[in-house]
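In what follows, a structure is listed as structure tokens, so that the remarks can point back to it.
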Amino acid sequence: MTRVVLAAAYRTPIGVFGGAFKDVPAYDLGATLIEHIIKETGLNPSEIDEVIIGNVLQAGQGQNPARIAAMKGGLPETVPAFTVNKVCGSGLKSIQLAYQSIVTGENDIVLAGGMENMSQSPMLVNNSRFGFKMGHQSMVDSMVYDGLTDVFNQYHMGITAENLVEQYGISREEQDTFAVNSQQKAVRAQQNGEFDSEIVPVSIPQRKGEPILVTKDEGVRENVSVEKLSRLRPAFKKDGTVTAGNASGINDGAAMMLVMSEDKAKELNIEPLAVLDGFGSHGVDPSIMGIAPVGAVEKALKRSKKELSDIDVFELNEAFAAQSLAVDRELKLPPEKVNVKGGAIALGHPIGASGARVLVTLLHQLNDEVETGLTSLCIGGGQAIAAVVSKYK
């Protein structure tokens, strides 16, 4: 079978809600990375067979945001593109679709990843197309409804985390401690420049003066403590334990990579970073969607012909501390190998981009000692996706 390799992998910094990227459309963040990958690899843009990009909150951006990103990123109009929505798994699903298209011989080179600007998601006035006869009407927050609400139970994703708290007996202190650890690891990695190789700075024009260059993730917080987090009120349930401090944020960002057949990489003298070994997807009861990575990880390992003990590093999306703790309990993961640079609680969770972001961060950790990695994300609606990669040899 054709070996599929990852030949370049980058991401933007992750902006906080209403932060540095609030006026930068998702497709511009994606275009920045496409342009950078073409320049970095020296690849002829016309040799790219397809562009596949995850993007969840598409309303108001225009037709097919992936196509917009591709064209604005400098690709010729002959290169097709399409947009993927698998909620939080969109970015990783895009990479899986690229992988599948190469294995089947349809493509040789694909740009794949994810992008999201949650700050720019619009408010909607449903059923207003043909007017209202009388009475008050309300607006729907497209970010909350299309991105963060379990449509089957009509409640926020945070309630699914509270359901896992009850099922697994997870305490508030455990969640806050997990969140503090995530922040501390991210602070350390940021201060040591460990994200520098994976981040492409984004220049933001200003009405007056020089452009602002965004180089670092905005959500990383120093001086976070369990004591400080314990003062926060429950965010989703009156007597709950899930708070803004032990959950991922609302964020903006993008991540992208060059997916190729090994033969094409050799032909073009492009040195790959890693080999895609296999993927797994799984579904569970939507009310406990956060536990779905367990099944996805098991399937990805089986398809990759690997055991959990073969994995040197894990990048698992931290939708909620409670969700992450539940998955850890089921899989019995070695904590020293999981999210060693911090996770989404600290770095952020731009939903359409996160699937690609966790893989980008994982790829930049591979070396002679860390040869195999696994990444996974839970997905609203009761799903999860996972992937296994190995350092290219």
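Here the Cβ of each residue, glycine as well, is placed from N, Cα and C on the backbone.
Just so it is clear, the model here is predicted, and its values are computed rather than measured.
According to Swiss-Prot:
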ACT_SITE  Cys88  active site, acyl-thioester intermediate
ACT_SITE  His349  active site, proton acceptor
ACT_SITE  Cys378  active site, proton acceptor
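On its own chain, Cys378 (active site, proton acceptor) has Cys88, Met289, Gly290, Ile291, Ala292, Pro293, Asn317, Ala319, Gln323, Val327, Ala384 as residues at least 6 apart in sequence with a Cβ closer than 8 Å to its own Cβ. For His349 (active site, proton acceptor), the number of other Cβ atoms no farther than 10 Å from its own Cβ, over all displayed protein chains, is 27.
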